[in-house]
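The structure appears below as C-alpha cells.
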Ligand SMILES: Cc1cc2nc3c(=O)[nH]c(=O)nc-3n(C[C@H](O)[C@H](O)[C@H](O)COP(=O)(O)OP(=O)(O)OC[C@H]3O[C@@H](n4cnc5c(N)ncnc54)[C@H](O)[C@@H]3O)c2cc1C
Ligand SMILES: Cc1cc2nc3c(=O)[nH]c(=O)nc-3n(C[C@H](O)[C@H](O)[C@H](O)COP(=O)(O)OP(=O)(O)OC[C@H]3O[C@@H](n4cnc5c(N)ncnc54)[C@H](O)[C@@H]3O)c2cc1C
Ligand code: SF4
Ligand code: SF4
Ligand code: FES
C-alpha cells in the first residue's frame, strides 16, 4: 500500500537567518529514512507521466522502487543509465516544470520529490562507495569538445565510454561552465562538480584549460589537426545589458561578473582569495530568473542589508525555479515586481540611485506572457549602492566569427539538425545553450549526449 | 602549468618574463594579451604579449610591480611555473602599413606593448619616430630595442634625467611645433597620458590609436567588467579591443572605472604582503 500523505517529506534546510550569512549549502539532503519514506509515495504508474516530463527519460519509478527497498546502489545504476550527473540535476533541475510537474501525485497534494530522491541517491553513492570507472579501449579516433559546461562534459564522457580519444578545450581556468562560475556554492557545492569532472577524466578525457577556441586555435585548425568530429558546447555566456543611462557607473555589474567574482574567483573569501568584489548596503538585482535569484542571494550573503529583485512582470511570470524564489523570500530578499529601471544615477562616478517606473500587464505577447506596459508618471528613485543586471545572456561571438561556414540564427545561436545536432559544417556538432539560448543544465546534457551518439553513428562507418 | 624559462629585471619595478605557453605562442599577434593566474586560486590579471617565439613556443611579458598579483608574480623565478596562462586575447592591432609616418608614444611600462607594433611597422617599411616617457631614466624601458626599430627616438622624464624634462606631450608638442607631420600616432601608457596625447592630436586631426587597460576577469567577453565607452557605445575591451580610436574613448569614465577597487587593492597588499608599493 503506497504512502498516501499529501506532502513531500520535508527537506532539512539551514534556517533562513543563518544561511543568508554563509555560503554553505542551503538544503541539507534527505537521510536514508526520509528517502525511503518519500519513495513509498510513488504509485508506480503504468503511464509514466513523470518520465515523459524528464528531458533525458530517467527511469523514475524504477529508481524510486530501489530507494524504497533501501538498495541505493541499484537505484544509482538505474538513474545513471540515462543521466550522468544526478547529484547536479537533483539539485538544480526545474523539477516543477519537468518530472515533478507531470507526476500524478501532484494532482492532489504535492508530487513525489523526484529531484530530492535523485540527489539523495547520488550523494549516498558518492559518500559510501568507491565507484571504479573502467576506461574503454581506445578506437584511435580523435574528437574535440569545446567548452566544459554540462553539454561538453556529457558529450566528452559519452564519447570516451565508446572508446574515442576525446580532448576537451575550456577557455577558463576551471572546468564546469555555469556550474562553477554561475551557480553559487550554497546551491551547488563546487566540490561536487569537481567529483563529477574527475569521473570524466577517469574515463580518459584529456582536458586542456586556458584554450579559447577561435583565439588560441580555430575550429578549422582543429579539423586540420586530425580531429574527426568537433562538438561545440560553448554556452550562452555573453551578458546582455539594458542600454540605459548610467550603466557604466562604478557599482553596476552584469550578473555574470558579480557571480564569477564570487563563485569562480571566490571573492566571498577575500582577502584569502585576492579577487575583490563590491557590495555596499543596498543592492538592486534587475531580472527574475535563476540568475537574478542567485545574484540577489549572493549579495545578501556578502553582507548587503537590503537586496531588491526588480522585475518588470508579476509574480506568476517570474521565470526562476519556484524553490529559489521561495528560498530568496525566506532569506529576506525584497521583491519589487511590475517595476522597471529606466536610469541609474551616480555620485562621483558611483551608483547612488536607481530610477524605476511601475508597469501594468497588458495583452499577451508572442511568448504568451502578458506584456508589461509603463504606467505614466510612475517614475521614482530608490537609494542603491550596487546594481546587478541579470536580464539574460546570449552566445559569445568568438566561435561563430572565426568559423566560416557555420550557420547561426540572427541572435547568434548555432543552427543544428535537431536529430543529430550536426551544424551546417560537416562533422561539427553543437548543443546546449549555444544552440538554444540560455536554458537548463539537463537540456544541455541531453544535447551533449545526443550529439555523442550521432557522432558515433557517423564515425563508426 | 606554464614554465618560466627566463626572467630579467628592467628596473627596480619592471621585469620581463619568458613563459612556455604553446597555444599562445603559436597564434599571437602584436596588440594581443594574455591572462594569467600566478598560483591556483589567484586573481586573473591581463598582461600584453611583448614578444613571442613560435619555434620555442614561448611568450614574453613585461610587467610593472604595482600591487598584490604583480608582486606575487615577481617572486617567481626561472624554472617555477605559473598556474594559468590563457590567450592570445583581444584583437591584433590594425597596423596601417599604408601610413608613411607613424609616431609611437610609450609611457612607462606602455613601452612594452608598443614595441612589437613599432617593430612590425618598421619591418613593413614604415618610418616610425618614438617618444618614450618615464619617471626617471631607470623607468624608460627597452631603450636599445626601440633604437633598433625607430627612425628617431626621443625621451621625456619627470626629472630630466633622460631627454626632455617633462611629459611625453612636451616632446610631442615640440615635434609638431617644428613642423613634423605624422599620419598616425599610437599612444600606449597610463590613462592620463593617453588622454593628454589625444588632447593634442585631436584638434590637429592626427588619427590616434590608444590601448585600453580596464579591470578584467575572463578576457573572453563573459563578464562585461572591461566595458569602455567608445563613440558613445559600450565596448568590451577584451574582445573589441584593447586598441581603440583615441578620439572616441571616454577617458574620464575609464579612469573612474579603473579605480573601482582601490580600497580593496590597498587592503590586500598591506595585509598579505606587508605594505604596498604605492605605485
Ligand atoms: C547563475 C545561473 C543560474 C542557473 N541556474 C540554473 C538552475 O537552477 N537549473 C538549471 O537547469 N539551469 C540553470 N542555469 C542554466 C544552466 O546553467 C545552463 O543552461 C547550462 O549550464 C548550459 O550548459 P552549456 O554546457 O550549454 O554551457 P555553459 O555551462 O555555459 O558552459 C560553456 C563552457 O564553454 C566555455 N567556452 C565558451 N566559449 C569558449 C571558447 N571559445 N573556447 C573554449 N571554451 C569556451 C565556457 O567558459 C564554459 O565553461 C543557470 C544559469 C546561470 C548563469
Ligand atoms: C589588456 C591589458 C593589458 C595590460 N598589459 C600590461 C603590461 O603589459 N604590463 C603591465 O605592467 N601591466 C599591464 N596591464 C595592467 C595589469 O593588468 C595590472 O597592472 C595588474 O592587473 C595589476 O594587478 P596587481 O594585483 O598587481 O595590482 P592591484 O593593486 O590589484 O591594482 C593596481 C592597478 O591595476 C589595475 N588592475 C587590478 N586588477 C586588474 C585586473 N584584473 N585587470 C586589469 N587591471 C587591473 C587596477 O585598476 C589598479 O589601478 C594590462 C592591463 C590590460 C587590461
Ligand atoms: S534529470 Fe531532472 S527532470 Fe529528469 S528526473 Fe532528474 S530531476 Fe527530474
Ligand atoms: S508519476 Fe509520480 S507517482 Fe507516478 S510513477 Fe511517476 S513519480 Fe511515481
Ligand atoms: S574581461 Fe570579462 S568581458 Fe572583458
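Along the chain as shown, the residues are counted starting at 1.
Note that Cβ sites are derived from N, Cα and C of the backbone, with glycine treated the same way.
The FAD binding site annotation in TrEMBL covers B:62, B:63, B:64. Look at TrEMBL and you will find B:223, B:226, B:238 tagged as [2Fe-2S] cluster binding site. According to TrEMBL, the feature domain 'FAD-binding FR-type' maps to B:1-95.
Annotated features, which come from TrEMBL, shown on the structure.
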{"residue": "B:62", "record": "FAD binding site", "DSSP (3 states)": "strand"}
{"residue": "B:223", "record": "[2Fe-2S] cluster binding site", "DSSP (3 states)": "coil"}
{"residue": "B:238", "record": "[2Fe-2S] cluster binding site", "DSSP (3 states)": "helix"}
Could you measure between residue B:63 (FAD binding site) and residue B:223 ([2Fe-2S] cluster binding site) for me? Cα positions, answer in whole angstrom.
24
Same-chain residues at least 6 apart in sequence whose Cβ lies under 8 Å from residue B:62 (FAD binding site):
B:10, B:14, B:15, B:16, B:17, B:47, B:48, B:50, B:109, B:112, B:141, B:142
Listed binding-site residues: B:62, B:63, B:64, B:223, B:226, B:238. Which have a CB under 6 angstroms from an atom of ligand 5?
B:223, B:226, B:238
Roughly how many angstrom lie between the C-alpha atoms of residue B:226 ([2Fe-2S] cluster binding site) and residue B:64 (FAD binding site)?
20
Filtered B:62, B:63, B:64, B:223, B:226, B:238 - binding-site residues with C-beta under 8 A from chain A:
B:223
Where the C-beta lies under 6 angstroms from ligand 2, the matching binding-site residues among B:223, B:226, B:238:
none
Measuring Cα to Cα, how many Å separate residue B:238 ([2Fe-2S] cluster binding site) from residue B:64 (FAD binding site)?
20
Taking 10 A as the limit, how many CB atoms besides its own sit near the CB of residue B:63 (FAD binding site)?
22
Same chain, not part of B:62, B:63, B:64: whose C-beta falls within 8 angstroms of the C-beta centre of the FAD site? Give them in sequence order.
B:10, B:14, B:15, B:16, B:47, B:61, B:65, B:70, B:109, B:112
Give me the count of other Cβ atoms within 10 A of the Cβ belonging to residue B:226 ([2Fe-2S] cluster binding site).
26
Just the number: how many Å between the Cα atoms of residue B:223 ([2Fe-2S] cluster binding site) and residue B:64 (FAD binding site)?
25
Other than its own, how many Cβ atoms are within 10 Å of the Cβ belonging to residue B:64 (FAD binding site)?
21
Overall pLDDT of the domain 'FAD-binding FR-type' (B:1-95), taken as the mean:
93
